[in-house]
Amino acid sequence: MKIGIIGAMEQEVAILKEQINGLATTIKAGCTFHTGTLNGAEVVLLQSGIGKVAAAVGTTLLISDHNVDVVLNTGSAGGFDSSLNLGDVVISTEVRHHDADVTAFGYEMGQMAQQPAAFKADEKLMAVAEKALTQMEDKHAVRGLICTGDAFVCTPERQAFIRSHFPSVIAVEMEASAIAQTCHQFSVPFVVVRAISDVADKESPMSFEEFLPLAAESSSEMVMKMVTLLK
């Protein structure tokens, strides 16, 4: 099995990159691909760049050029579930766009035309994520809906909009729905496993930039355990 792993930013993939044996790096269309073995498994680690277009381009190349069998999306996310704290893990059951609106044509809010309203994460990959979680000491995780948009959600108004239209949302970020839609169109299984870097409506002593390395450490640990279980 060849495992595709996607992170948007250098900070989100750096720990995983350091652990790859036989590392080879290529760049195409602004996307950086690191290939080799991780914990004995064949992997392709993609640094896609930030946002949905970059993520869709990178995921397309990951699947079409590198022929990965599964896709794991890692990195950071903003927490919307009240039980979440910095460093906790979120596991997708489904992913939706929060900034798509073609409701004038009878679609649901967040549903892109001619696409499903939600992109379901693969059941087997979710089970692997759950098993990996049991190997992490005292790590809290929440499973559920992750929403994506091309905006860093930091205003009360935008938070309220997302909550009103997607009341079950547990976290938001900027790439997962594009990755999920691309995987859907290629019939490639995916799951999103991210760590919380900030939480809506909660004060934090650290800024997003300060906590990002810690979130990356948490999500990378989870991914490495999943890779070991998948190989």
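Backbone N, Cα and C atoms are what each Cβ position is placed from, and that goes for glycine too.
Non-local neighbourhood of Glu12 (active site, proton acceptor): Gln47, Thr74, Gly75, Ser76, Leu212, Ala216, Ser219, Ser220, each in the same chain, at least six residues away, with C-beta under 8 Å from its C-beta. The DSSP secondary structure for Glu12 (active site, proton acceptor) is helix. According to Swiss-Prot, the active site, proton acceptor annotation covers Glu12.
All chains included, 21 other C-beta atoms sit within 10 angstroms of the C-beta of Asp198 (active site, proton donor). For Asp198, the entry in Swiss-Prot reads active site, proton donor.
The substrate binding site annotation in Swiss-Prot covers Gly78, Val153, Met174, Glu175. There are 23 other Cβ atoms within 10 Å of the Cβ belonging to Gly78 (substrate binding site).
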Val153, Met174: which of these binding-site residues has the highest Cβ count within 10 Å of its own Cβ?
Met174
Among all the protein chains here, how many other CB atoms are within 10 A of the CB of Glu175 (substrate binding site)?
31
With Asp198 (active site, proton donor) as the reference Cα, tell me which of the binding-site residues Gly78, Val153, Met174, Glu175 is the closest one.
Gly78
